[in-house]
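Database features, via TrEMBL:
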REGION    1-20  region 'Disordered'
DOMAIN    32-276  domain 'NADP-dependent oxidoreductase'
ACT_SITE  TYR65  active site, proton donor
BINDING   HIS123  substrate binding site
Amino acid sequence: MSTHGTASPTTPSSPVDVPQLTLSDGHALPAIGLGTYRLRGAAGADAVARAIRTGYRLIDSAFSYENEGAVGAGVRDSDVDRSEITVTSKLPGRHHAYDQALAAIEESVYRMGIGPIDLMLVHWPNPLAGRYVEAWQALLEARERGLVRSIGVSNFLPEHLERIIAATGVAPVVDQIEIHPRFPQDEAVRWNADHGIRTEAWSPLGRASGILADPVLQAIAREHGRTVAQIVLRWHVQRGVVPIPKAASPDRQRENLAVFDFALSESDLARIAELARPDGRLKGQDPATYEEF
Ligand SMILES: NC(=O)C1=CN([C@@H]2O[C@H](COP(=O)(O)OP(=O)(O)OC[C@H]3O[C@@H](n4cnc5c(N)ncnc54)[C@H](OP(=O)(O)O)[C@@H]3O)[C@@H](O)[C@H]2O)C=CC1
Ligand SMILES: O=C(O)C(=O)[C@@H](O)[C@H](O)C(=O)CO
């Protein structure tokens, strides 16, 4: 149970049936997923397998997390049919050059060892290095070759999205960006929706920083008899955003999935909107200038 919660979380013991959304390429995307940053090795594989048994059907990974092997092992160990699970990986900035990108994607597929990757994202645009159009072209080729099924991006601003769409005529199905109550990114979410791009939220719980102790969120949690984490995840879901909270323990994994049997009111949403801050990014990683390799 969360130490930040004000009530016992709803923690059903049978697998949760997570609603599915439809991407612009026709494939399904679960409405919530599991983040895996820092879940590695045997403990990571165990956490992923347990999460899938609990009901998670979307697992987020990345070449840079050095855990694609553990994620693949968790998927295999879960005893849930592979076709029911959407596994994401991400191409790192150091491999944006076309040939290197294709080799890195092949490597991600080998590391996971579970067949084609369901959703491959360009991790960061790295606009100063300036090769993200090439990286996007490589993802298109990887899809053509059957290495990956759906393709998208992460941390792309409208200016980056406009450029890759103009260059290739193909829009990503997903843009995974930083979103939490202190940094809701209303304009980016709206821009993506207007262009048929589904927004996913990274660090949806604010990486368990001060957000979970926020008094406004704690009051709303008390009123609904839920934990603060559940209130925040429900807020994402009601905005049409797919959160991918990372949780290592089975209790928290269950707690975070139990957000489909209650709703926040307009007044709750208005109170949460007040928490937004112009400088609300967790680590100041503005994709207009930040470069990650
Ligand atoms: N595309 C990108 O550039 C980025 C993508 N990501 C992806 O997004 C995922 C999620 O973001 P992340 O940065 O991990 O942060 P999250 O916002 O998901 O927060 C994770 C932290 O919250 C804790 N936590 C989870 N559930 C609860 C709960 N119910 N109550 C209290 N604490 C809880 C976790 O603890 P514990 O693990 O101990 O349970 C962990 O410390 C990443 O794991 C990664 O997959 C993240 C950053 C950037
Ligand atoms: O975790 C990721 O996906 C990242 O892109 C990292 O930049 C992460 O945000 C981080 O905090 C690394 O220190």
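A Cβ is built for glycine as well, from the same backbone N, Cα and C atoms used for every other residue.
DSSP assigns TYR65 (active site, proton donor) to a helix in the three-state reduction.
Neighbour counts of Cβ atoms within 10 Å were compared for the recorded positions TYR65, HIS123, and the top value is held by HIS123. Taking only the Cα positions, the spacing between TYR65 (active site, proton donor) and HIS123 (substrate binding site) is 11 angstrom. Secondary structure at HIS123 (substrate binding site), taken from DSSP and collapsed to helix, strand or coil, is coil.
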